[in-house]
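> Quick one: this structure, given as structure tokens, is what I'll be asking you about.
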Amino acid sequence: MPERSQNDRTMIEISHVTRSYGAFKALDDASLVIREGEFFSLLGPSGCGKTTLLRMIAGFDNPTSGTIAVDGQPMAGIPANRRPTNMVFQSYAIFPHLNVEQNVAYGLRRLRLGAAEEKRRVEEALAQVSLTGLGKRGAHELSGGQRQRVALARALVMRPKVLLLDEPLSALDKKLREQMQVELRRLQQAVGITFILVTHDQYEALAMSDRIAVMFGGRIAQVASPKEIYQRPVNRQVADFLGGMNFVKAEIVEENGSSLVVDTLGFGRVKTEKPKAFVRNGGGATLGIRPERLRVLWDDASSKFEVAGRVIERHYFGEITHLIVEIPGLEKPLSVTETNDFGADDIPVGAPIRLAYDPDALVALAD
Amino acid sequence: MTAAAEGSQPLSLGRRQRTSLLQSEAAQGFALISPTFIYALVLLVVPILVVVAHSFWTQNYLTIDRTFTLENYRIAVTEPIYLDLLRRSLWISLLVSFFTVVLAYPIAFYISFHGGRHKGLWLFLITIPFWTSYLLRVMSWKVILGYNGVLNSGLMGLGIISEPSTALLYNTSAVVITLTHAWAAFAILPIFVSLEKIDRSLIEAATDLGDGPLRRFLRITLPLSVPGIVSAILIVMIPTVGDFVTPKLVGGKDGVMIANAIQAQFGKGANWPLGAALSVTTMLVVTAMAASTVLIIRSAARMAR
Amino acid sequence: MTAIRNILSRWLPAYALLYVVFLYLPVVFLPIFSVNTSPSPKFPLAELTLQWYRDLPNTPALIDATRNSLMVGIAAALLSTILGICAARAITRYRFPGRRAINGLIMAPLVLPEIILAVSMLLVMLQLGLELSLVTVVFGHVLVCIPYSLSVLTSGFEGFDRSLEEASADLGETAFGTFRRVTLPMVAPAIISSLLVCFTISLDEFIIAFFLTGTEPTLPIYIWGQLRFASKLPGVLALGTLLLVGSFLLLTVAELLRRRAARRTQNAGGAFA
């Protein structure tokens with residue numbers, strides 16, 4: 001996929017936004033900058049505040065405190081119908097009494113563009129979402145994927161500064177979802193509009209976004225590129241939410257501005273980058289390593305960095321095999337995922353095994 | 001997103017509105033329902049309280065004496081006429097509820113389980129007669145059951161009886177037949193709704209666990225449709241007691257019900273307090289009867305398991 | 001087991017058919033005897049005639065009663081539908097304490113003996129010094145119509161996806177524009193259906209009208225008066241037939257509209273179906 005160069009202009013600025021319902025805080029002092037042309041995802045489990053934040057940008061909800069600005073303009077007091085944002089709803093909210101064309105033209109009607117121009121814009125939007133020729137279809141004659149495309153076209157036709165997508169793919173089946181992920185990303189690259197996607201699916205966020213904000217319990221835990229979020233999660237919660245992670249206990253030997261030196265029982269002494277959110281809590285720390293960053297060492301191959309142990313479980317997943325390996329000294333066995341091209345699926349349970357790792361893959365995690 | 005806090009809120013919130021959203025949603029909802037609520041208060045609750053008040057007063061020709069007395073109730077529950085009427089009314093309403101529900105159940109079952117695509121049409125078909133004038137339906141039964149009526153002439157035409165039977169009209173059974181017909185739709189609909197709510201996989205599970213059609217009906221379908229049966233009984237039994245048109249038109253001397261007596265007290269008899277006491281007594285007794293019927297059905301359903 | 005299956009497959013449809021015959025039995029005799037020359041309703045029919053229908057427009061009392069009933073019906077339908085809309089909207093859209101209790105109270109007239117409703121309203125109206133008239137009948141009819149109106153409207157409003165209104169606002173439409181372009185078109189069928197149902201109920205209602213009317217009779221009260229005279233029966237039957245046809249048409253329209261409304265609102269969340 002071609003990388004589109006983004007400019008650094010700020011499109012959305014969220015500063016110190018809190019939304020409380022009585023004593024409960026749905027969103028707690030969230031600050032965030034989203035750049036123009038960015039595909040930005042709000043990722044987190046249900047109830048983490050991501051939808052609340054999206055709805056506040058759209059104007060369906062208001063911050064209890066804090067401010068939201070879109071394209072430099074503060075949004076306080078501006079109702080949803082006068083904001084330069086448009087939304088693709090989770091349920092799609094296709095108007096059931098209108099056909100596809102009328103749905104797409106719904107918002108244009110108020111702009112009084114004239115019939116010809118309106119028709120041209122509708123056609124263009126339908127073409128963008130590959131629905132050309134389906135304009136006369138009734139709302140209830142559409143499949144789930146088509147409804148999603150209509151919702152998308154209806155929002156895009158308004159040429160918003162920001163397109164908001166509230167779990168737009170959650171109602172689709174797996175195959176269609178994966179196809180739509182690619183299409184949405186392509187579409188965003190083509191139109192260059194800022195997209196903000198709300199999702200609870202980490203793979204969706206990783207696959208589509210330029211940057212991701214991971215949220216838990218109304219707070220933003222980390223904002224970074226997919227790669228960084230995945231490889232260098234700031235804390236255990238983020239690490240865990242984004243996929244499998246082996247956690248290893250460590251003792252801090254040395255701490256300075258940007259790095260940590262720790263001792264572990266299995267992996268020995270390791271020097272690692274210090275996460276921003278790191279707060280020293282006694283002498284202990286936690287290291288994490290993704291299962292695929294541990295490689296099986298075959299026969300007499302060796303590595304500068306390796307651990308030895310014994311296979312205690314083996315799970316076959318087609319293209320990969322998942323091994324559970326007991327390492328002397330580690331309180332919990334390690335998860336290892338290995339591709340099957342060298343015969344990892346044939347390693348007998350109980351066999352001794354050596355694992356190679358890159359010390360850079362060991363990351364220190366805040367708790 | 002399912003968390004309550006993330007649920008959608010009304011659009012019209014001003015930006016300075018800092019009150020808890022739940023509170024203001026409650027206020028909006030309450031404001032919206034209040035006209036209807038007040039209407040029901042003024043024309044339902046207040047009038048019933050006024051009736052209850054009257055039942056403790058006395059009528060002195062054209063004026064009402066507002067000294068508290070239980071005399072009306074003494075008359076209502078000791079005078080043989082009213083006792084008889086009350087007993088007969090309860091008996092009729094019990095019979096009517098029984099027949100209505102028993103006859104309605106199979107049809108509700110049929111529509112729900114075998115109605116296929118035509119469920120809506122069946123329901124429509126069944127509710128149509130109910131929408132025709134009640135007065136005229138009762139009248140029509142009089143025509144059917146009468147001495148020179150359809151049934152008699154039909155039976156005579158077929159040679160089953162040689163002269164018209166007088167046993168058909170002006171008695172309790174005529175009242176029961178007419179009312180069973182009148183309330184049919186009210187029994188079918190709730191039972192149908194409760195049958196529709198039964199997850200069909202429960203019945204498949206019962207089959208899978210070895211139950212035959214009869215057993216799975218008795219162990220799954222029937223117990224799960226009890227809420228429908230209960231509301232059918234409530235919706236038929238209580239209003240039936242208050243009918244005075246049917247008894248007057250087809251009931252004859254034996255078919256007179258308590259509502260006729262109530263009507264008389266508010267009409268020609270002109271003894272409002274007595275009428276009020278009769279109304280209150282009837283309501284209490286029929287509610288008690290309906291409640292105990294419901295209890296019996298519920299415990300029977302529990303034992304059937 | 002096969003025996004029971006036989007009963008289900010063979011006897012249940014037969015029973016269903018028989019039941020429908022039982023339901024329609026009294027209804028079909030109205031039109032049949034209304035075209036009979038003999039005033040007493042019995043088989044075989046004497047001769048066919050439309051005489052009784054021709055007499056109807058020449059009966060001034062009947063014309064008056066019809067006009068009264070139409071006025072009462074329209075007023076009751078409008079009033080109970082407006083009150084029904086408020087309640088249905090509140091119940092389907094908002095959560096507030098006491099919602100279930102209030103709903104129960106509003107639905108209560110459905111399970112109360114009509115005579116009790118009638119006499120209690122009568123007492124209050126007389127206490128208040130209100131003169132009994134068609135207006136008091138309307139008040140009574142509204143009370144018994146609201147539960148039906150509320151049921152019809154709730155089924156129409158339910159499942160009305162709130163995000164549809166939000167989508168409209170999001171696309172730039174004002175609150176009023178949203179109401180006009182989204183809300184109203186979607187709930188209009190349910191509202192019309194409620195109007196028709198309430199009108200039909202009011203048109204046929206006897207007991208409450210009997211107690212609450214003053215000197216002007218409604219149609220059922222006129223019919224009640226006629227029932228005492230055997231010779232008037234065919235005229236009543238003819239009138240009844242016309243009412244039957246009228247009610248049938250109104251309710252068919254109401255049902256079709258209600259279904260359309262329900263289908264629309266249910267489809268709003270169709271992606272999850």
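Just so you know, glycine gets a Cβ as well, placed from its N, Cα and C.
So TrEMBL lists the following for this protein:
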type: TRANSMEM; residues: B:37-57; note: transmembrane segment
type: DOMAIN; residues: B:86-295; note: domain 'ABC transmembrane type-1'
type: TRANSMEM; residues: B:90-113; note: transmembrane segment
type: TRANSMEM; residues: B:119-136; note: transmembrane segment
type: TRANSMEM; residues: B:143-162; note: transmembrane segment
type: TRANSMEM; residues: B:174-195; note: transmembrane segment
type: TRANSMEM; residues: B:216-238; note: transmembrane segment
type: TRANSMEM; residues: B:276-297; note: transmembrane segment
> Between the stretches B:37-57, B:90-113, B:143-162, B:174-195, B:216-238, which wins on the count of C-beta pairs under 8 angstroms to the transmembrane segment (B:119-136)?
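Per the Cβ under 8 Å count, B:174-195.
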> For the transmembrane segment (B:216-238), find every same-chain residue at least 6 residues outside the stretch whose CB is under 8 Å from a CB in it, and list them.
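Contacts of the transmembrane segment (B:216-238) (Cβ under 8 Å, skipping residues fewer than 6 from its ends): 93-94, 96-97, 100-101, 104-105, 108-109, 183, 186-188, 190-195, 197-198, 202-203, 206-207, 286-287, 289-290, 293-294, 297-298, 301, 304-305.
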> Go through the chain and flag residues at least 6 beyond the ends of the transmembrane segment (B:174-195) whose CB is under 8 A from any CB in it; none is fine as an answer.
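That would be 92, 95-96, 99-101, 103-105, 107-109, 111-113, 123, 126-127, 129-130, 134, 137-138, 141, 145, 168, 221, 224-229, 231-232, 235-236, 239-240, 243, 246-247, 250-252, 255, 257.
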> Which sequence positions outside the transmembrane segment (B:37-57), separated from its termini by at least 6 residues, show Cβ-Cβ distances below 8 Å to it?
64-70, 72-73, 272-273, 276-277, 279-280
